[in-house]
Each structure stands twice: as structure tokens, then as C-alpha cells.
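Enquirer: Below are the features I grabbed from TrEMBL:
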DOMAIN    12-80  domain 'J'
COILED    90-117  coiled coil
TRANSMEM  363-383  transmembrane segment
COILED    400-427  coiled coil
Amino acid sequence: MDEEEAGPPKRELYALLQVSPEATDEEIRKAYRHWAQVYHPDKYQDFNMKQIATVNFQRICEAYEILSDEYKRQIYDIYGMEGITSGLELGPKLNKVEELKEELQRLRKKKEEEKMFAHFRPSGTILAHLSMPQFLDGDGIMRGMAMASEVQSQLSKRTAIAMGGNLEVNGNSGGAAASTVLRHQLSPVSSIEFIASAGLRALIGVQTTRNLSSHSTATISIAKSLRDGSINLSNTWTRQLSETANGNIQLLLGPESSIAVGWQKKEEKMSASGELKIGTSSFAASAHYTCRFSSKSHGRIAGRFGSTMLEVEVGGGRKLSNFSTLRMLYTIGIQGIFWKFELHRGGQKLIFPMLLSRHLNPVFAVGAFVIPTSLYFLLKNFVVKSYYLRREKQKTSEIKERSSAQVREARIAAEKAQQLLQTVANRKRSRQLETNGLVITKAVYGNSKALKEADKSREVNIESASEVIDVTIPLNFLINDAGQLQLHEGVKKSGIMGFCDPCPGEPKLLHVEYTYGGQIFEVEVDDYAALLIPKDPRV
């Protein structure tokens with residue numbers, strides 16, 4: 001988990017002005033005047049120094065503009081700069097935390113909807129039926145082919161449309177169909193769909209769905225075939241049985257009437273389902289079980305039994321990337337012995353069912369399972385895995401390089417800010433030396449692990465040096481008129497002027513070595529912890 005996610009919310013603006021998140025309006029004004037004088041561009045004659053001062057002066061002005069406004073400050077305290085930049089409408093109506101939260105959620109949802117409306121969601125499937133016996137007979141390996149494609153689009157907040165088509169070729173015959181589904185959300189608990197299809201399955205129909213309760217849903221549909229005029233009426237009831245399981249009953253009335261009972265269960269490590277269907281002229285039963293061995297691989301076993309089928313399916317799959325999954329399934333049944341290869345990428349599917357034999361020979365069945373399975377594991381572990389390991393390593397390297405570039409830019413900005421602070425810091429240091437007061441001799445900020453190891457060895461090694469930054473000058477500058485250094489609790493220290501985050505995402509420490517009253521001291525504090533040294537300047 002990133003440090004930003006685990007720790008308190010960022011408070012860079014408070015760090016810039018060096019005030020507490022509980023600071024009063026007067027304290028914020030006083031801090032702004034102080035830092036505005038430090039970074040005012042008119043103070044510097046050198047062109048480069050004037051440019052550095054201008055950048056930092058603008059940051060101070062932006063921080064003051066937000067923190068000096070009652071409503072902007074309230075939004076910033078809750079949601080940080082996201083709330084400021086997301087377009088929250090400021091005014092007396094947004095006077096409560098709950099109202100601010102509701103408004104920001106509304107804007108977030110609006111942006112998500114705009115993003116959703118701006119994109120279509122395409123999906124498609126290519127299915128190629130292969131036959132080894134046909135190939136051995138000299139008739140070619142391709143037995144048939146089917147293609148299907150669909151595009152969904154959100155017409156409005158409550159209305160969506162899906163248009164699709166499919167093409168199928170089997171031997172010397174084939175056909176095609178096109179369909180359109182218009183879905184409208186009638187209310188938060190009900191919706192209606194209008195369906196039209198032309199081609200092989202020409203029909204028109206309507207379907208409505210309603211949530212009967214928080215755990216049950218009912219769906220009713222009626223469709224009329226444009227080819228033979230037959231009418232089908234379907235009723236489906238779905239009920240949530242537990243947090244991970246639900247069941248359904250479907251009643252279909254028409255030329256082939258049937259009743260079906262189903263059950264589904266889905267957990268983190270497994271999923272299972274089963275269905276029993278009894279019709280006027282047929283019956284069928286099916287079940288499947290999937291076990292997830294890891295976040296990237298799973299195994300599957302399924303069975304189907306009925307008046308026209310009897311088969312068992314065994315296989316598994318592996319996630320190749322965030323968008324791609326490869327599956328291999330072995331099927332044996334009354335129709336023969338099959339291997340099926342599936343590649344899923346995004347909304348697209350590529351499926352190759354291959355008929356190996358029409359005869360259920362036990363020796364051939366075992367060989368057909370063992371040999372391809374062995375080849376699959378060899379391919380997965382030695383070819384595919386090594387390829388994706390190299391690709392992941394390359395991605396990690398690119399991300400690290402981009403992060404390194406951002407850190408380098410932040411370091412340069414911090415060093416430039418320290419140049420502006422150095423003169424005043426040296427003057428404060430000399431004054432404290434004369435009175436035997438507080439002098440920061442060394443201060444470093446960065447990776448906790450690197451600083452703790454450096455504390456043991458009394459030096460920072462070369463590898464760790466890139467994860468820390470020297471902040472002696474900013475801390476000497478921050479010593480107040482009372483001879484104390486105070487950093488407020490809950491404020492991320494990388495936001496302090498002259499600091500930067502040298503190791504994004506890693507836990508950080510501030511290590512300070514100082515002298516006071518002729519004695520040498522050391523102190524370490526966490527990134528968000530308060531610091532006050534010396535605690536009593538009179539002692």
C-alpha cells in the first residue's frame with residue numbers, strides 16, 4: 001500500500017505556509033505576509049533567481065487564496081486539491097461537511113458518466129470449428145465458422161442501445177442475423193427492453209425486469225417469431241440465497257415449453273453453478289466448478305447430461321495480462337473427443353474447438369489429454385511466462401524511469417528554493433551561534449529504511465543517497481524568533497519549501513542533528529509527526 005493511502009490526507013498548502021491545519025485566519029495571513037516577502041520577485045536582481053522566486057511566490061499566493069477562503073479551505077481539508085479543481089459550486093448552500101461530500105460525489109459521478117457516454121463498448125467473438133478426422137480424410141481442417149459482434153452505447157443516463165450481428169457457415173450452408181436491443185431504466189428498481197432481430201432468428205419482443213426486494217428480481221419477456229409466427233413467453237425469478245450465492249427459476253411457454261432451476265455461487269477462490277432443465281420433449285442437467293489457484297490461473301471441471309448430450313469437460317486458464325486470458329479445455333462425450341482453445345482479450349474472444357476423434361477409444365482419449373496438457377504447461381511455464389516476465393520487467397523499468405524523472409525535477413525545484421533561503425538561513429545560524437542557541441548542523445529527509453541503516457553505519461551509502469535529500473538550510477531558515485524549530489503534526493513534510501519527496505510511495509523520516517546550549521542532540525520523526533526543538537528554549 002502506498003504511503004499516501006495509508007497515512008493522513010496531504011496538507012501541502014499548510015506545509016508551504018508553515019502553519020498548523022488548525023491555524024486561525026490571522027495566523028494564515030501572518031504566515032502569508034512573511035513568505036510573500038521572502039519570495040517576492042522584486043527582491044532579486046539576478047534573472048535566474050528572479051525566475052525561481054516568481055514560481056515559489058505563485059505557490060504561496062495560491063496557498064493563501066485557498067486557505068484564506070472559508071469554503072475553499074473546508075473543501076480542501078476534506079478532499080485536498082481534488083475538491084478544489086473538480087468544480088465544486090461554492091456558496092452558503094454548501095455549508096456542511098455532508099453537503100460538500102454529496103456535491104463532490106455528484107461531480108465525480110457526472111465525470112464518470114461523461115466518460116462513459118463518450119465511448120462505445122464493443123465486443124465480439126470469432127469461432128472456428130476444426131476437425132482432425134476431416135483433415136486426415138483430405139477434406140480440409142475447417143469444419144465451420146461463426147462470427148458475432150456487438151456494440152453498446154449509452155444514449156442517456158437511463159437509456160442504452162446495443163446493436164449486433166452474427167454470421168455462421170457450416171459446410172456448404174450458412175446464414176446471418178442482426179439484432180437491436182433498446183434498454184430503458186424506468187426507475188431505480190425496474191427497466192424495460194425492446195428487442196428486434198432479422199435474419200435466421202427474425203423476431204420482435206419486449207422484456208421487463210423489476211427488483212421485487214433487495215434480494216429478489218423478476219423478469220418477464222414475450223417474443224414473436226417473424227418466420228413462423230410462434231410466440232414464446234418467459235418468466236424468470238432470481239433470489240439471492242447468501243452473500244455469495246443465488247438461485248433462479250425459469251418458466252418458458254411456447255413451441256418448446258420447459259422449466260429450469262439453477263444455482264450459482266461465486267467466492268474469491270472458487271465458483272460453481274448447476275442447472276436442471278425439463279422440457280416437453282427433452283431434458284438436460286449441467287454443472288461446473290472453477291477453482292482459482294492464484295490471481296492469474298484457474299482450473300475448471302464441467303459436465304453436461306441430457307436427452308441429446310453426455311460430456312465431461314476438464315481444463316484451465318491463465319491470465320496473460322490485465323486484458324488477456326488463455327484457456328484450454330478438454331471435452332469427451334458422445335459427440336467425440338475435443339480440444340478447445342480460447343483467447344479472451346478485453347471484450348473480444350477467439351475460440352477454436354478442435355474435433356480429435358468421433359470414436360471414444362480409451363487409449364486415444366488418455367493420450368489426447370496427457371500430451372496436449374504437457375505441451376500446454378511447457379508452453380505456459382517456459383515460453384509464455386518468460387515472455388510476460390520480460391514484459392513486466394520492462395514496464396516496471398519504464399515506470400521507475402518516469403518516477404525518477406519526476407523526482408529529479410522535484411529535487412531541482414527544492415534546490416532552487418534552498419538557494420533563495422540560504423542567505424537568511426546563514427544569518428539566523430550565525431545569530432544562534434553567538435547566543436549558544438539552536439543550530440541545525442545536519443538534517444536529512446527521505447526513505448525510512450535508508451536513514452535507519454545510515455544511523456547504524458553513521459553514513460548514507462551511495463545507493464541510498466538518491467532516496468534522501470539534505471534539508472539543513474530550510475530547517476535553519478524556519479527557526480523562529482524564540483529560537484525554536486516547530487513543524488506541525490499532520491502536515492506532510494515534503495510540502496515544506498526547500499523539501500521534496502525523494503522516494504514516492506515509501507515511508508519517510510526526518511533526521512535532525514543540532515546543537516543547543518553547547519550540547520549535541522539528535523532526533524528523528526515520522527513524515528506526519530510534529531517536531532519542536534528545543535522544547536523549552538529557556539532551559
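Positions of Cβ are set from backbone N, Cα and C atoms, glycine also.
Can you walk me through where each of these features ends up in the structure?
Expert: Averaged across the coiled coil (90-117), pLDDT for the predicted model comes to 57.
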Enquirer: Should anything in the same chain at least six residues away from the coiled coil (400-427) have a Cβ under 8 Å from its Cβ atoms, list it; otherwise answer none.
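Expert: The answer is 38-39, 44, 49, 52-53, 55-56, 466, 469, 473-474, 476-477, 497-504.
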Enquirer: If you run through the domain 'J' (12-80) with DSSP, how many residues end up as helix, strand and coil?
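Expert: Across the domain 'J' (12-80), DSSP assigns the residues as follows: 56 helix, 0 strand, 13 coil.
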